[in-house]
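**Q** In case it's useful when we look at the structure, here is the feature table from TrEMBL:
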SIGNAL    1-22  signal peptide
DOMAIN    30-70  domain 'Leucine-rich repeat-containing N-terminal plant-type'
DOMAIN    188-298  domain 'Disease resistance R13L4/SHOC-2-like LRR'
Amino acid sequence: MKRVAWLPSLLLLIVTLHTCLSDVESNSTAEALALLNWKASLTNRSVLPSWTVSPGNAQASPCGWFGIHCKGDSVSRINLTSYGVKGTFHAFPFSSLPDLEELDLSINGLFGTIPPQINQLSNLTYLDLSYNQLSGRIPPQIGQLIHLKTLHLVQNLLNGSIPEEIGQLESLEELASQNNYLNGSIPSSLGNLANLTYLYMLNNSLYGNIPSEIGNLNSLQELYIDNNQLAGSIPSTFGKLKHLRLLHLSTNSLSGSIPSEFGHMESLNELALFKNNLSGFIPPSLGNLTDLTILQLYENKLFGPIPEELGNLKLLVFLEVSQNQLNGSIPSSFANLSNLETLFLRDNQLFGPIPQEIGNLMKMWMLELDGNQFTGQLPQNICRGGTLEYFIANDNHFRGPIPKDLKNCSSLKRVRLERND
């Protein structure tokens, strides 16, 4: 009996909507009907209770529905982020929303593929489908959304290669596709994106060389392509990225030397090149990067001395060059690194005494020197700043007594000095 009573109401709603469409020809009504069709395809339709129309409503409008914003009588923005929407994209009314500018469906339960019909959202400037379970390839038709400024596809199940067609999005400012299963090479066409400010492709399975055209991205401020399978050398064209602040290329299979042109990126705050196969000398030109706060070069095959010029990096907080083949002594210029908190030099072939000036680094809380060939006595004022918590200096050739300053260092949590002379 309940089904029989419910059926006339549903038929009346559909008839009312179609009457509105034919008699009033309202854009709002057409968009409302199209959105309701998508809602009906979801696996949890009850999640959008405000998405409904009254049978007696002559002109149905979605403009008062949750997550819907309009300009005039047309839907211009849909924001359902973190709202528990579950279902596919296939019944989404791409062709019925000609004025849609922003679509945010992030942090939901969407699954299935991204339909090629997404190119029908021709006025879209913002698209965020992050944190869903979308799978399959990124459709090349997405390159037809020529007004797009933001494209976020983070943490889905997307695979296949990044379409060359994304290089047609000349208005694009943010491209984030990290934490997927994307493979293939990075398209050289990305070099066309002159307005791109943020590029995140980390934690995928991208391989091949980094295209030199990346150096054409004059507006780029942050580049994360770490934790992939990229190989070959780092393009020297990176030196043209004058506005770059964060550069993360770690955990790949990059080889060759660190380009001396890196010294031209004078806005750089963070440089992470660890866990690659980089070789050669640490370029002295890195000393030009006076805004640098983090420098991570560990687990490579770098050799030669640590450049004195690194002492120019007075804002440096974190420096790690462990697990390379570096030799020579610790530069005396390190005494200038007054903001340094963490210094890792372990597992190299460094030798000579530790400069007494290391004790002038008042903010130092972690110092690892183990696995080298250091000689002489430990610095007398190693805990002068009162912040040192971890001091690891085992497996060297230090001699003499443990400094009184170190014995009385109340901040210390761990010390290792075994296997010294």
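Each Cβ is built from the backbone N, Cα and C atoms, and glycine gets one as well.
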**Q** Treating G and I as helix alongside H, and B as strand alongside E, what does DSSP give for the domain 'Disease resistance R13L4/SHOC-2-like LRR' (188-298) in helix, strand and coil?
**A** 25 helix, 31 strand, 55 coil
**Q** Sort the residues of the domain 'Leucine-rich repeat-containing N-terminal plant-type' (30-70) into helix, strand and coil with DSSP and give the three counts.
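**A** Its residues divide into 15 helix, 3 strand, 23 coil.
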**Q** For the domain 'Leucine-rich repeat-containing N-terminal plant-type' (30-70), would you mind checking the mean pLDDT of the predicted model?
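**A** So the average pLDDT across the domain 'Leucine-rich repeat-containing N-terminal plant-type' (30-70) works out to 88.
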